[in-house]
Structures are given as C-alpha cells and as structure tokens.
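Novice: Next up is a structure, given as structure tokens.
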C-alpha cells in the first residue's frame, strides 16, 4: 500500500466527480424519455437506493479499517477464494474503464470532433491515466481538488445563463405521476452511477477521518446535482425535445447565448464534462492497477499500467456499436450485472465474516 | 491497424526495458499475458470479430435469469 494521506475535501471531490462523470451527459435524455416531466425525481430516489446498497461495502470497510477492497476479500475469504473475488472486482473495474472510454468516444465523434478516429480520444485519456497512476493517489486527489473551483464557477455560469430560456410550461400538465417511468423503467440508474461506489473502498485507508460519512455526503450531492441538471433540461428544452436528443445538455449549451457576440459555448461546457470523465477514468484505472498489483504481488505499478491501458483501449472499441445500443443494454442488464459486485460479493463477505467471528469466539 | 501496430511497438519496447531492468520473471510473465490480451483484441478488431464484454455479460445474465 502507498504511504499517502487524503483530506476529507479531496475525497469528497473525488466521490462527487466520479458519481457525476458520464451520467451527467448520458442519462438526462434517457430519464426524460422514460419519466417525462418527473425525470428529476429519478436521480434522487436511485441515489438513495444506490447509497443504501453500498452500505454493505461500508459495513465491511468499518469492520476492516485501514485495509482496502482487495485486502478485505483476502482477509475474509483467505488466499485462493480471495483471489477469485479480486479477479471479479478487477474485471468489473476494467469494464467500467472501457465503458467510460466508449461513452467518451461516442460523445466526441458525434459532437465535437466528428472526423477524428475514435480510438484516439481513449488513447490520449489513457496515457494521462497511466501517468497519474504511476504518480499515485495523492497526485490524483490534488488534480481533482485543483479542478473544483473552476468547475463550480463554470456550473454556476452555465446554470445562470440557462435560466434565461426557462419555461415553466414544460412541466405541465401537472397530471398523475407516471410511476412506471419513474420507478421500474428508471431503476437502472441505481447501478449506473451509484453502484460503482465499491471502488471508493480502495482509497478509504488513505482518508484522514470518517471516509464512510464523506462518501455518503459525496454520493448524495452527486445525486442532487444530477437531479438539478435533469430539472434544468426539462425546464429549458422541454420533455418532447429533450427525450429525442442523444445529448440534451450539449444541445442546450449550443443554443445558449451569453451576449449577441458570444454564443456557441458548447466547447467550453463540454470541457468540464471531459474533466469529470477524466477523473472517473483516472480513479477507476488507478483502482484496477492497484488491485492487480496486490492480487499478483507486483511491486511496480508502471509495469501493469501500460498493458492494462492497451487492454482497456482494445475492449472499449467493441463495447457497443452505437449510443442507442449502449442505452438499451444499460436498461436491460446493468442492474443485474452490477449487483454481482455491489450486492452478492459484499453479502457473501459479510456472511463469511460473521461465521468466522462466531467460530473464533 | 494503427492501434495494433502502436500497441505492439510499445509492448516490445517496454518489455526490453523491463528485461534490462532485471524485473522478476513473474512480473514479466504477467506483463506479457496482459499485453497479449490487448494485442489479440486489436487483431480481432482488424478482422471484425472482437471480444465484446457486454455481449458476454448479457449472455451470462440471460442464462442465469
């Protein structure tokens, strides 16, 4: 393990940025299509549900303080079974990284750089992720902290300009809530982004104090932010329009007018989304590399980083054919798939933990 | 084709570097296996038959449910 310390503020910014990241651009349109004008309720309830589910991992972290995710599974299950669980966790982290890059590729090729080959974006982001992983968790935390004031300023600016085109009539008719759309259809959001939280256990030992509480706070702030963004999109673009666009937030920023001579600020707005994506990628990549290093007793993180980046870049190219296929897959399978690492594995670890404790006493 | 060539080149250069640095054999084997996985995936992408992780997961979930 590294000899590093993270402040509560650094950890909080990592949690918020990682929770928001890709969901911030990808999900609002999908949620509005399902839950119409009540879509802003979805991030709130799924946020609470996701955080509730992650309490399983938090309980384990409280029982095994000062050790990370992989060490917990090794201590509870022993060497062989612990390694099997670790491989599952590493696989999930690789999948998340591939997904993030795939979403990034989709976004960049559809909107900003339409003539660039898509693997280039992933390669550029992964190069920096490799570098930051070699530098360690403190460098990553400081980078996140550095971006906080900049992002707060940009978000505040964006929200203040967007309010100019606000129209309350987009929330009408205030009819009966579509429960089907708000609850069952949108339940996939519990998994993405809230069930990815198991990765945070990796850096719990480095946080100065009360990492569990900070994590809960960060996730709920992330959920509220996602709700606010969805609310803003409904109020500005309207339900019908927002549900037919792949990236409604991008379209909204294209149409905003700061002044008659300053318009088309989508490039600037996209940059702060890219920062969120970059931090999620960097953090999950760091966790995957550290996990492999611990599972296979490797001393040098750089030795694993480069081949892992090649693997992730390769897999990210074949995740989905297009964004529609991506969303369809997400709606159908992501909750079950993420449940393995966020429900089944921690539940198994807790049961084994109780059995072994009872045997000892 | 370009990502395949680039990844192959980077892998070989780094392998030579780590061998010169006298890294333990176990670490070099893990490095080779992981690099091979990535390079094979790029090769499969060239012939349009890549490993699709979501498709594998979907198949597994469909069988289990």
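Any Cβ shown, glycine's included, is placed from N, Cα and C.
Okay, these came from TrEMBL:
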- A:12-32: transmembrane segment (TRANSMEM)
- A:38-60: transmembrane segment (TRANSMEM)
- A:80-101: transmembrane segment (TRANSMEM)
- A:107-134: transmembrane segment (TRANSMEM)
- A:146-166: transmembrane segment (TRANSMEM)
- A:186-207: transmembrane segment (TRANSMEM)
- A:219-247: transmembrane segment (TRANSMEM)
- A:267-289: transmembrane segment (TRANSMEM)
- A:301-319: transmembrane segment (TRANSMEM)
- A:339-356: transmembrane segment (TRANSMEM)
Novice: Kindly say whether the transmembrane segment (A:301-319) and the transmembrane segment (A:339-356) touch, using the definition of 3 or more Cβ pairs under 8 Å where each pair is 6 or more positions apart.
Specialist: no
Novice: Out of A:107-134, A:146-166, A:186-207, A:267-289, which stretch touches the transmembrane segment (A:80-101) the most, going by CB pairs under 8 Å?
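Specialist: Between the candidates A:107-134, A:146-166, A:186-207, A:267-289, the best contact partner of the transmembrane segment (A:80-101) is A:267-289.
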Novice: Which bits of the chain, at least 6 residues beyond where the transmembrane segment (A:12-32) starts or stops, bring a Cβ under 8 A of a Cβ in it?
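Specialist: Sequence-remote neighbours of the transmembrane segment (A:12-32) are 6, 39, 42-43, 99-100, 103-104, 107, 140-141, 144-145, 147-148, 186, 189, 192-194, 196-197, 199-200, 203, 214-215, 217-219, 221-223, 225-226, 229-230, 233-234, 239, 242-243, 245-250, 273, 275-277, 279-280, 283-284, 327, 330-331.
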Novice: Cβ under 8 Å to the transmembrane segment (A:146-166), counting only same-chain residues 6 or more beyond its ends: which ones?
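Specialist: Answer is 13, 17, 228, 232, 235-236, 252-253, 255-258, 265, 268-269, 272, 275-276, 279.
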Novice: Who are the long-range neighbours of the transmembrane segment (A:186-207) in its own chain, taking Cβ under 8 Å and residues 6 or more past its ends?
Specialist: 1-2, 4-8, 11, 14-15, 18-23, 27, 31, 34-35, 39, 42-43, 46-47, 49-51, 53-54, 57-58, 60-61, 65-70, 72, 89, 92-93, 96, 137, 214-215, 219, 222-223, 283-284, 286-287, 290-291, 330-331, 334-335, 337-339, 341-342, 346
Novice: If we skip the immediate neighbours and take only residues 6+ beyond the ends of the transmembrane segment (A:219-247), which ones have a Cβ under 8 Å from one of its Cβ atoms?
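Specialist: Beyond its ends, the transmembrane segment (A:219-247) has Cβ neighbours at 12, 15-16, 19-20, 23-29, 31-33, 36-37, 39-44, 46-48, 50-51, 54, 107, 110-111, 159, 162, 165-168, 170-171, 193-194, 197, 323.
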